[in-house]
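Asks: Features from TrEMBL:
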TRANSMEM  9-29  transmembrane segment
TRANSMEM  41-64  transmembrane segment
TRANSMEM  76-95  transmembrane segment
TRANSMEM  217-242  transmembrane segment
TRANSMEM  262-279  transmembrane segment
TRANSMEM  291-309  transmembrane segment
TRANSMEM  321-341  transmembrane segment
Amino acid sequence: MMTFTKQNFIFLVGGIIVYVVDIGLDFWVVSKYFCQGQYSWSILILGFRGLSSLITQIFSYEWFKNDWEGTNTGKLKWIFLVHLFQCGIFIRYWFALKYGCQAAFKQNSMGGASETHPPNFIQKRVVDVVTDINMLRVFKTFLETTPQLFVQIYILVEHGKNNICQYAALMMSFCGISVSMVDYQTSLRKSLPDEDELHLVPKLVYLSYKLLTITSWILSISLITLLSVGSSVILLAFLWICGFTWVLKQHTAFCKSKKMEYLYRTVVAIILIFSFFNIKGRKTKACISIYYATHAVVTLGVLFVYVFWKPSVIEEMHFTVVSILTVLSLVLGILSLIIYYRHFHPTAYCRPQECSDEVDGEAGQRVETGRFQNFIMQ
């Protein structure tokens, strides 16, 4: 049964703090680069921030419109204005705090739900609201945080400038990815039938798998960019085309309108550049093996290019450190992936027929039945 505990409420508050600090830190980094005359880096970071904000606001408003279809038309007008000014996520956090406080504190003290609501209504409501926030944060992670991490690492390796601004941005990017990944997996576990709460060890293993593989891949792309910016752009474009083609073949049905569905597929293709996601909840052992085998081949290929074609670079300490971190992160990340899928993956505890019915049967219904079931699965 889905439950929202006091611990979940504390993590929710922590997530809000991280989100606000991340916004402030982005503008701080941009101002630093601008004052140093590095206008291209400022524009690039602002571009990632703007793109991420625009897309998350579009999806957030569309979900409000779908959930309130036929009702609350007056509220939708001011909801639209709030999203127009790029503040829609704060409306969702307000609802999450409101229902979360009732579910975690007040409901328990009153001994259950009120007469106006069926049992577990508040619990289900807050889980659904938090799930929507976590979906939006996954979008933000791969549209903004991950690309910014790539830019910061590239600047650090290329220019070797060490300052508190850079290290703060790097730490915040890693923190944002970590929080997003753990919250995502927690929401997934809550959305599945007959699933227990995600405990500490599975969270740590899943976090290690995602964070280490993403870190290794970002370092690899940074090394490619150092060789040739054009090569890295071509590689990323090629990977996006491959991801978009694969998503099209999956015939996803996450959004009600065709335009929003294609936007969703475009975003998922960007996510697939950095990390693998099973978007249909099906067995994808072959796909995930090919995905990370390709990452390993590209990573080793880049390192060999540096060894045989750019030997002068190896004498630099930055290359030695980056190359060791790249390989070590990849190996440990894949080991964590294997451990997670063998021992902690939700499908290991879920009856196949029950899971299949839950994923297929709930498509197209309101958020109360689980919008997450049509979202990217893992």
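Count begins at 1; order follows the chain as displayed.
Just so you know, glycine gets a Cβ as well, placed from its N, Cα and C.
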Asks: Does the transmembrane segment (41-64) reach the transmembrane segment (262-279), going by 3 or more CB pairs under 8 Å (6 or more apart in sequence)?
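Replies: Checked: the transmembrane segment (41-64) vs the transmembrane segment (262-279), in contact.
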Asks: Mind checking which residues of the chain, 6+ beyond the ends of the transmembrane segment (321-341), have their Cβ under 8 Å from one of its Cβ atoms?
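Replies: The answer is 153, 157, 202, 205-206, 208-217, 219-220, 222-223, 288, 292, 295-296, 299, 303, 306.
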